[in-house]
Structures are given as C-alpha cells and as structure tokens.
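J.: Have a look at this one before I ask anything.
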Amino acid sequence: MIKYKQFTDTMAASFYENPDLKRERQSCNFDKDEITNLIDGNVEKTKYRRELVEYILSDPSLKDPIPVEYLSHEEKYAAELKKACLLVQKMREPVPKEAKFETLRKRQENGKPLDIGVGPSSVILKEGNALGLHFVMFIPAIIGQGSTEQQNKWLPRALNLEIIGTYAQTELGHGTFLRGLETKATYDPDTKEFILETPSLSAYKWWPGGLGKTSNYAVVMAQLYTKGKCEGIHPFLVQLRDETTHEPLPGIFVGEIGPKLGLNSNDNGYLGFDRVRIPRDQLLMKHSQVLEDGTYVKPKSTKLGYATMVYVRVFIVQDMAQVLRKAVTIATRYSCVRHQSELKPGEPEPQILDYKAQQNKLFPALAASFAFHFAAEKVWNLYHLATENIGKGDLQMLPDLHGMSCAMKALSTSETAKFVETLRQSCGGHGYMVSSGFPRLYGIATASETYEGENTVLWLQVARYLIKTRMDGSGGQSVAYLIGSNLPDNKAVDLSLDGIINLFQRVAAGYVDLAMKELAEHGRQGMAPYDAWNHSAVQLIKAAQAHARYLVADCFVRSVKEDKLSGPVRSILNELCEFLLIYWLFAELKTEHLSQLQAKYMELLSIIRGYAVNVVDSFDIRDEALGSVLGCWDGNAYQRLFDEALKSPLNRNAVHRESFEKYLKPLMKSKL
C-alpha cells in the first residue's frame, strides 16, 4: 500500500505539472496574453492587475492561518473583516521599491491611488466582503443621488473610509416592489428635520450587506411625507452608529440576520427606526428636494432614481462573467486531469474531457463567460453615456438602459447559477467538496438571482417595456427590431453569425407577439388589465428571456467583429460565439430548424475541445484567487484534495476522544 505523504515543501509542489495539462499547453496555437488583455481592457491594465494581485498575495498578513470553512459564524466574520481592513490599509501605503511592483509605484507617484474596492478583495476574501456594499452601492448612491454640496460633504469621508456605509432598501415584507416599502420619513418644518419610523415588523430593513455589524451609515430608501402628502420613495443619508464607540444611536435597532447559503462573512443585517430625527439636508437632493417650509420640488423624471440600480446591475453582470471564468477553469482543468471509464473497450481510461457529454456540460459555460463579459462592457459604456446626457438634461436613454440592465442582470445570474451547478456535477463527487471551489461560486451566483431585483420581477419589467414598444411602435436601441417591419422574413436558417442573430430577433418577436395575443384574449373575455397581465405572466417571461438572449448574443457578435484581434483569437471567439448562440437556440426552435444546427453544434464541440484548456489558462486566474484544489494550474488535484482533507480539525487526533467516550462507546456496548 502506498502511504500518503503530505507536501511540506510548497516550492517542490509548484514544479509539478500534470502531463495531460502539459501536453494540452504545448499544442497552443494562439497568444494567451491576447485574450487576457482583451478581458482586462488592454496590456497596461493586465500588467497593473497582475502586479496588484502579486502585491496582495505576497503579504503574509493577508493569508488564512486556518481555512475559513472550519471557523464559527462569528469567527468567519472577524477573520474576513480583518483581511478586508488590512487590505484597505495596504492599498494606502507606499508601494515598496521592487521591480515587480514598478507599475503600482508609478501609479502612486502620479497621484493615482491603488484600487481598494471589491476587485482586489475578491483575490483573498472567500466568504464575502463586509465592506463591499460601501464601494458598490453606498458611494455610487451619494454620487448618483446627492447634490454637489452633499457630495462635497460626504464623498471625501466615504472614499477615505472615515465613514462606512451600506444601501438599505429591501424590507422584511417588501423587496423589488419599491412602491410597497413601508419605512417612513416625515418632514417636520418646525425643526427642519425628517423623522424616520419603522411602522411594522415587515417594514424592518432586511438583507443589506455590511449592515449587521460593519456600517455606521446607510443610504436608506423611505417613503417621503411632507405637508400631509406622500411623495414616494426617496434616499436618505442616515447615521446608524456612533463614530467613536460604534454603538447604535438612540432609536436605531440594528443587527445581523444570521447564516445564509453563502457569503457568510458578509454581515447582512436588519434595521429599524423609532422616530429617529435627521437634518433636512440628509435627504439626497440631486434630483428632488424638500424646501425648509416643507415644499416638495419634483424631479424632472421619476426614472432618475434608476441610476444606482443600473450601476449595480451592470456590476453584477461583470461579476457573473468572473464567476463563470473561475468555474469553467476548475471544471476544464479537472476534466483534463481526470481519467474515467472506457471509451473504447480494452484501451486505457480516457480523459473525461474527451467525452462529448462532458464537453456539452463545459463549453456552453466557457462561451457564456465571454458573452457576459462583452454584454457588461456594452451596458457599462451606455451607462456612462446616459449619465453624461442626464447631466445635460437629456433623459431619453434612461428607459432603454433600464430595460437592458434588467434583462442582462436576470439572464446572466440565472444562466450562471445553472452553469455553475452543471460544472460542479461535471467534476463528480469531488465537485461537492467545499475545497473544489464550487459551493462558494454557486453561493455567489444564486444569491445574485434574488438581490438587486429578484429575477422574476425583472423579467416582467422587461416584458412591460417590450409590449409597450411593440404596441406604440417606438423605443430605444435595444428594442429597435420590434418596431415596424424591421424583422427579417426569411424562413431558411443562415448559419452565419448575422443570420443567427436574425433568428434570435424572430424568436424574441414571436414570443412578444404571443404574449400580446394572450393579453388581448384575456381582455376580450372581460378580464381587467392587471388580471390579464397576471394570467399572461408565463408567456411574458418567455418573451423577456428570449429578448435578453438576443441582447447578449448581439453584443457578443458585435464585439467579435469590432475588436482588433489576431486571426487565431478572432477564430476562437467566432467559434465560441456561434456555439453559444446555437446552444441557446436549441431550446427555442422547431424541429425542422434543429437538424440544420445539430451537425454544426457537434462540430464545434470537437473544435473547442482542442483549445479549451489554453483558453481557460488565458483567464489568468492565480491559484490563490481561484480557491480550488481541483482547478489549480499544476493539475495536481488528488494531492491537493488529500492535503486539504488533513486540515480538518477532526484529523488532529486518530480518535475524537470526547464524542467517542460520551456517545459512541456507550452505544456500542449497550444491548438492544
């Protein structure tokens, strides 16, 4: 019997490279850095990111002395918060004068701070980031909703982390339906203050990240009352805790909501108010105001409140692309290393990556990681353009931007959650281990399906925009294909990328028309419009989902055409693009179309098999950031699985003496 020996020399372990992975890498016929640079943005951004990751990972104070999986709930929070705070401090310190950090040092010398947001933290934080909402929502809310005076007062403090904030919108009884929120902010003209109240248990704020124990401020969404009238939901900047003692202020009831499926060092919290008074100027007043006498000044458009949510939803699409890159890297490398069963009788067990069924599990996720990356890039650019236009008083892009961000957020999160689970299953039983990395990635993906807009609600919002566009004959760029006679009328399947995009348009428009017919039929039966909408919800969601797939597919196709790519990389992205589009169409097309696409799909499986390992290598994810024993660069999966198992506290002794003596031994000696 071979006795297991744990690697104690990490340098010795690092020189190992699985022969199957080595062979795949030796056959690479494209420049991996080209894809890396494409994902990062350019060569300079890749260099900066690599140096920043190395700078973070080389710091022993940011390493885990004990795997977080073996810590209690309270210990996880403390350990991960410690790293998050140390990281912020590290990003503020002068970079040491070492050649490997030259880009970082020059950046600081030019007056540009190092990034301290969620990007760098994701390299070392495995269970969530208690400071995440501060960067992703609190600061953007002040920028997007605060007046110039408010920004000047609060932004420097927030950016310096003199105050730490979160975004408190969701309540125990209401989430996406903002008009149903119950928290009240009533203006008192005598004292020039707002009085914040939580009128019922269901009105408690519930879920905001970092609220439980970390944040001392919050942007709170509440119903604004002035002069006896409710003016709807507005954002208020509210201090929750004393800035010195961190104790909750009088009238503030705040705490943490407990363990979740994932992200358990992110202290999601609850928040209630007992007639808490705040100054009038802590209503964020970029778009609407309450004057000293209580007069309400309306915003130019109620849609101006979309800005923060659009920002966050674009960030989520970017995050889902990153989650997919990690998950498919793990599954692809492990599928190359793992040999299983007999493909041909009597021959050695093949790599499971050679099985078509395995390729069918892996490659749609590989292609989708690029699709969501390009989609996020497109909406991000539109967001900045729309923000610039809003500053000039032009609100025309807002409805279309809102529709696109809702559609892409819902599609990217739902597809990523499904893909991650499929990829986990593709790794067999080992994929069920926390050390595989999949449980964490699934926790992130499935949480994203419900936060910042529950997906079903978002689908119905998108559907409403589609129906309005089809009926009125007017709408933004994303729905232009639904207006007039823009749809192609050909029935043959053109397998060019443009031809497949036409198919997506026809499928989406077909679902929209079916939903409209269903709504009209319910109307003819005497059903009220809101009841007709409820009864047509399934069809409406299908229309929204088909539209979202068209949007992402179109972004993918346009990006492959427009980006300056070498021949080999353009060919790879074309094939991945075509593959994903056909994969999505399989669920939508009738039988006569499927036969024309099936052969092409199987051909692409074989082509992608040839470069899959090298493409995931080009994602350039360090092992420490990947967080998976199955997906490490060297392919030494079994060694790492065993090393990780030995870290379990249950393996400190051959016998868990206390439980054996108290429970197991008496049971074994008892007579039934």
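Using the three backbone atoms N, Cα and C, a Cβ is placed for every residue, glycine included.
Heads up, TrEMBL stuff is auto-annotated, nobody curated it.
Feature annotation from TrEMBL assigns active site, proton acceptor to E452. The FAD binding site annotation in TrEMBL covers T170, G209. Residues or ranges marked as domain 'Acyl-coenzyme A oxidase N-terminal' in TrEMBL: 31-164. What TrEMBL records for 306-467 is domain 'Acyl-CoA oxidase C-alpha1'. What TrEMBL lists as domain 'Acyl-CoA oxidase C-terminal' is 497-669.
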J.: Which of the listed binding-site residues (T170, G209) has the least company, meaning the fewest other Cβ atoms within 10 Å of its Cβ?
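T.: Result for the binding-site residues T170, G209: minimum number of other Cβ atoms within 10 Å at T170.
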J.: How many neighbouring Cβ atoms, not counting its own, are there within 10 Å of the Cβ of E452 (active site, proton acceptor)?
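T.: Result for E452 (active site, proton acceptor): 23 neighbouring Cβ atoms inside 10 Å.
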J.: Under the DSSP assignment, what numbers of helix, strand and coil residues are found in the domain 'Acyl-coenzyme A oxidase N-terminal' (31-164)?
T.: 94 helix, 0 strand, 40 coil
J.: May I ask for the distance between the residue listed as 'active site, proton acceptor' and G209 (FAD binding site), taken between their Cα atoms and rounded to an integer number of Å?
T.: 11
J.: Note the mean pLDDT of the domain 'Acyl-coenzyme A oxidase N-terminal' (31-164), expressed as a whole number.
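T.: Mean pLDDT, the domain 'Acyl-coenzyme A oxidase N-terminal' (31-164): 93.
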